[in-house]
Amino acid sequence: MVNLRNAVHSFLVHLIGLLVWQCDISVSPVAAIVTDIFNTSDGGRFKFPDGVQNWPALSIVVIIIMTIGGNILVIMAVSMEKKLHNATNYFLMSLAIADMLVGLLVMPLSLLAILYDYVWPLPRYLCPVWISLDVLFSTASIMHLCAISLDRYVAIRNPIEHSRFNSRTKAIMKIAIVWAISIGVSVPIPVIGLRDERKVFVNNTTCVLNDPNFVLIGSFVAFFIPLTIMVITYCLTIYVLRRQALMLLHGHTEEPPGLSLDFLKCCKRNTAEEENSANPNQDQNARRRKKKERRPRGTMQAINNERKASKVLGIVFFVFLIMWCPFFITNILSVLCEKSCNQKLMEKLLNVFVWIGYVCSGINPLVYTLFNKIYRRAFSNYLRCNYKVEKKPPVRQIPRVAATALSGRELNVNIYRHTNEPVIEKASDNEPGIEMQVENLELPVNPSSVVSERISSV
């Protein structure tokens, strides 16, 4: 209690000094608290060099807050919005958890190291733990993006096979595998660091991974290999989407073998259609023209939706690539050219590039906000403290008919304006399938006009 009281007193004193004597301050409030609580043996309180202020550190605090807050919004959106309940968004929520933990556990300690001029101010046993968390969450980010890329490619390439194994439980299992791989990559660091402090300290003061073999192997396993898989699968996904769109535009479709369910198709029945049935040539031409006109409608919309989703994910992939590649490339070069390279320059570059990678954790929520209406609307509601889930209007269901009673025959379900009750009639034998005829009850139309909906009987 005495140490805590002294720490609070020290914080208030230095905060007043920061507000009143900004130009003369020599100790930051955060540094004062840490020094008073831990009473480290590294010596005294931190002092900025002459002429240097702590405003860059304050800007980093803003980045940390935005990273934590933005990823919390993503987690809330996926948890509360039913439209976002799918495998890809579950992966994005898990990715947001990793990014949020970067803002909570990794970035503040890195900021603390900057305040102390990269002299580790905390107990030394915490250094390998902090490095392990850094590697864990960074690896989890790239593994999540790699898993998303693979999952979407399989879903677009083999939709039927993917739908059989695509459920919430399966998505959670895949996410668990991603986290298991990330933990497996990061666990050796505390073991190595606690056995030999030289593996995690440079010049016995700076907390940084100092094992060349682990740096090389870890960089390839945790970054370059998943990055290669991610780029290849994303390019293949774009190729498949373009090929499917071109085939639809030219009137060709790829139908998987076996049974398939047709989408609900609506058309108006008129007397001209019955007249054309008497002429086989005209009837055949009409069917071809009708089939060609209505084929792309639902499928093209699905492909457009996939393109939009792929565009958003592509931006996320590109941002991650641009912001983390400099760090890992410099990290590899610092090991390969240990003697020929300027190590001081390499250390300065790594200190800058690692923060560029950290900023990537806070950019993803901005990407979702700019390019996805559902996320944008959800974020807007949450920021206004509106957490109500939209309820869909009740849907009136038509009584179901047992499949065994159909036997390939057609049933006409007519809902008339004056009764609002369905009347089921058996149709003729020469028109197989199921036909539901529902009169429009809302719009002022001719009572004789009936909308016909045909569903394939499988």
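Cβ coordinates come from backbone N, Cα and C, glycine included.
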Query: Disulfide partner of C127 per Swiss-Prot: which of C23, C207?
result: C207
Query: Membrane-wise, does Swiss-Prot list E81 and Y375 under the same topological domain?
result: yes
- request: Could you identify, going by Swiss-Prot, the member of C325, C337 that forms a disulphide bond with C341?
  value: C337
Statement: Long-range Cβ contacts under 8 Å made by the motif 'NPxxY motif' (364-368), restricted to residues 6 or more beyond its ends, are 70-71, 73-74, 92, 95-96, 99, 312, 315-316, 319, 375-376, 379
- prompt: Relative to the transmembrane segment (87-111), which of 168-189, 312-336, 348-370 accounts for the most Cβ pairs at distances under 8 Å?
  reply: 348-370
Query: Can you name the residues of this chain that are 6 or more positions from T139 (ergotamine binding site) yet have a C-beta less than 8 Å from its C-beta?
result: I181, S182, V185, S186, A222, F223
Field: Stretch in 129-151, 168-189, 214-236, 312-336, 348-370 most in contact with the transmembrane segment (56-80), if contact is a CB pair under 8 A
entry: 348-370
- request: Specify the secondary structure state of C127 (disulfide bond) as given by DSSP, simplified to three classes.
  value: helix
Query: By the DSSP assignment reduced to helix, strand and coil, which category contains C207 (disulfide bond)?
result: strand
- line: By the 10 Å Cβ-neighbour count, the most surrounded of the disulfide-bonded residues C207, C341 is C207
- request: Take the C-alpha atoms of C127 (disulfide bond) and L209 (ergotamine binding site) and report the distance between them in angstrom, rounded.
  value: 9
